[in-house]
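Colleague: Before I ask anything, here is the structure I am working with.
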Amino acid sequence: MKVIIILDQIQAGLGGKEKSDTPLGGKKIAMGSSENIEKLLEKHDSKIIGTFYCGTDYYQDNKAVVQRKFVKMAEKMGADVVITGPSFDYHDFSQMALELAEKYEEANVPVISAIAKEKNQDLIDQYREKLLIVKMPKKGGSGLSEALDNLVTGCLLLANKRDTSQFKQDYCY
Amino acid sequence: MQKKLEKFLMPLAAKLGNNVVLRSLRDGFLIITPLIIVTSVFLLIGNFPIPGWTEFWTKIFGSQFLEWFSAVSNAVFSFTGILASLAIAYAYGKNRGLNPIHAGFVSLISFLILTPTVVKVGKQSISAIQLQFLGANGIFLGIIIALISVEIYRFAVKKHWTIKMPDGVPPAVSQSFDALIPSGLVILFFFLVRIMFSISPFQTAYNFIYTVLQSPLKHVGISLPSALLYNFLASFFWFFGINGPTITNSVWQPIFFVATQDNLKAFQDHTTLPHVFNQPFIDIFTTYGGGGSTLALLIVVFLVCKSKRIKELGKLAILPGIFGINEPVIFGLPIVLNPIIVIPFIICPVLNTLISGIAMQIGLVAKTTGVLLPWTTPPIISGWLATGSWTGSALQIVELALNILIYYPFVKMLDKQYLADEKKTMEDDLDIDFSEV
């Protein structure tokens, strides 16, 4: 399974909040916190073929361009699944993750997200019906590795075109 | 192994992190912390750690120079017990769904009910309150009063023992009547408690709590083993992605708070500092650049790493790291769930605790004065300001160097692994070119 992951500048290891103006970019490896997901994917003969990153402020100012380029590039690289997040309880990043997920959904690219309910209830209410959003803890909360396990399980279901309704009921919003 | 540990630790962490009493203690102390930092600055200016400083200004302004500054610091330091009681009751009331300001005041009044208001001066008795009852030695009493008074208040509210006003009465008025019976119940309770203690050998609730609880707890809590355990757990939880200090602080904070206040008082009175282990000790002499002493990690990255990814992270994270912000490296490296880096991440703070603790206990390095500095104060400067001595900075430099040595092999290992990954994916086309789409 070929996975593309989308992160903000903090999770991609490109600095803190002060780097929110980081323009979109990407590398053909697992960057920053996606290292943890890469390790889980390896157990299923899968790998991250690309990390797309974008600063949250840059995204806000250039939504249309980022959305178009991220979707097109994932299609071009032949991703089986796109993960937007995990975005913890960072609200700006969670919003970016879910808006991008919506665009992938519209382009029929399998997509899955993971956000925490803290600070994000508005987004969950808005997107829970149409998107697959895995429950995860807030930054520094307990249950992170379990949530990442669930996220990878979701990826496998999506990539193999299996039914996700039970999964959604058990592990998603 | 990791899974098993997690199974055991997760529920414990969640329980401690979500426990309403512990959470309220944490929130309550957070209310007074900014006040302590600000007033600490006044104390620090009055007693700036440069030889001859105080004497110089006293010559110019006269002997009242120190008094001006201590008037400000005393406004908080001499009243920490009663302030803690008010703030914790406010937080606890809020977390329990009560009107927080009512909860705070009812606790304040209860505290005053239990405070002796007659002082014997020679043969005469005068009406006065001794500061000792309101300050650091009264913190545990203040905590207990806050929790009990809010619980009694809540009990009455839950039973609907309130006077209902007809519709149309302004909310401020009806709220005031709502508080009548619950407040009465709390006051009645502490009235009886005061009588009970006055006929007991302890005479006051203050004496009782100080003797049976605060003093023994201080003895156990303000010690090297206790500080070691604190820092071990604080780092260990991070490995699972859990913010360790929020868990450990909820247990240790009251003790460290008292120890800090004891030192501050002694510093202000120019007497011997009683404790080595307190909040500034933990903040300033056990970790550098945030939890896990990650500034050392970043320096290693900056100096020796070859992998593009790590180097880039080092460049971006070192400046925030100097000021104690390590979020970019915790998630960016990542440290969370990383079995290699977790080893030095735990070893460094624990070892620093041991070295700093012993160095201060044997008098090689000056103890912390209890002055609370903003947590973003960079090391070396913070060591000097916190102890008022260059030995504090020297200790920090030694420990930082040691931490660099400890991190070195582990970071190198990670660097090698990342470098191999990067080589596998041909170096030159590692970047994804978004101009193609």
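Just so you know, glycine gets a Cβ as well, placed from its N, Cα and C.
Annotation comment: TrEMBL describes B:5-410 as domain 'PTS EIIC type-3'. What TrEMBL lists as transmembrane segment is B:29-50, B:71-92, B:98-119, B:131-156, B:179-199, B:220-240, B:284-304, B:316-337, B:343-366.
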Colleague: With an 8 Å cut-off on Cβ pairs and a sequence gap of 6 or more, do the transmembrane segment (B:316-337) and the transmembrane segment (B:29-50) reach 3 or more such pairs?
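Modeller: Output no: the transmembrane segment (B:316-337) is apart from the transmembrane segment (B:29-50).
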Colleague: Quick test of the contact rule: Cβ under 8 Å, at least six residues beyond the ends. What residues does that give for the transmembrane segment (B:220-240)?
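Modeller: Same-chain contacts beyond the flanks: 5-6, 9-10, 13, 247-248, 252, 255-256, 258-259, 275-278, 281-282, 286-287, 291-292, 330, 335-339, 342, 345-346, 349-350, 352-354, 357-358, 361.
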Colleague: Between the transmembrane segment (B:29-50) and the transmembrane segment (B:98-119), do 3 or more CB pairs sit under 8 angstroms, pairs being 6 or more residues apart?
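Modeller: These two segments do not touch.
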Colleague: Sort out the residues at least 6 away from either end of the transmembrane segment (B:71-92), same chain, that have Cβ-Cβ distances under 8 Å to it, and list them.
Modeller: 20-21, 23-25, 27-29, 31-32, 35-36, 39-40, 42-43, 46, 100-101, 103-108, 110-112, 131, 133-139, 141-143, 145-147, 149-150, 257, 261, 264-265, 268
